């Protein structure tokens, strides 16, 4: 599904990523690992088409993402580590915004029950805890029809039940032929044989 081929990227004229290459098949899960500042978030942004590499190529389903970037980006769901929710909007309003781009998604109240957020559905997201904000951001996974998920530190600030909910959703997505690329400082609660790791 996704091929990253000899990718280079410089930050302030200094090499940050060099000769990055890997293949992520349909049904695959790749865990990007590396210390702070190693370029994990930057690599996700490159794959999402938000940054341009100095060298190298990114292929999605054997075609360069540059060929039709807009169509490619409709095939991916990117959840960054800063959540990307509007703090002035309620949970409901943030979800309605996302559903606008993914019509046919399940009901918002039903989604909120996944993380026991239904009683907060009309609260401004700026009043939520960091863990609750993360949960709202991750609800996009249930609203998305994208084949490729790019998740930057999706497990941060989650309680044990929320963590299990996300891992279950990732596994369901893979079973349907989707692919997941994620960063995390913590080990994944999965059998090591069930996913690949790439160290930056």
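Just so you know, glycine gets a Cβ as well, placed from its N, Cα and C.
The ATP binding site annotation in Swiss-Prot covers 34, 35, 36, 37, 38, 39, 40, 41. Around residue 40 (ATP binding site), taking its Cβ as the centre, 23 other Cβ atoms fall within 10 Å, counting all chains.
Sequence annotations record features per position, and here Swiss-Prot assigns domain 'ABC transporter' to 2-200.
Minimal Cβ crowding within 10 Å, among the binding-site residues 35, 36, 41, is found at 36. Listed in chain order, the residues near the ATP site other than 34, 35, 36, 37, 38, 39, 40, 41 are 42, 200, each with its Cβ within 8 Å of the site Cβ centroid. Other C-beta atoms found within 10 angstroms of the C-beta of residue 37 (ATP binding site) number 11, with every protein chain shown included. When the neighbouring Cβ atoms lying within 10 Å are counted for each of the binding-site residues (34, 39), the highest count belongs to 39.
All chains included, 16 other C-beta atoms sit within 10 angstroms of the C-beta of residue 38 (ATP binding site).
Annotation note: residue 41 (ATP binding site) sits in a helical segment as assigned by DSSP.
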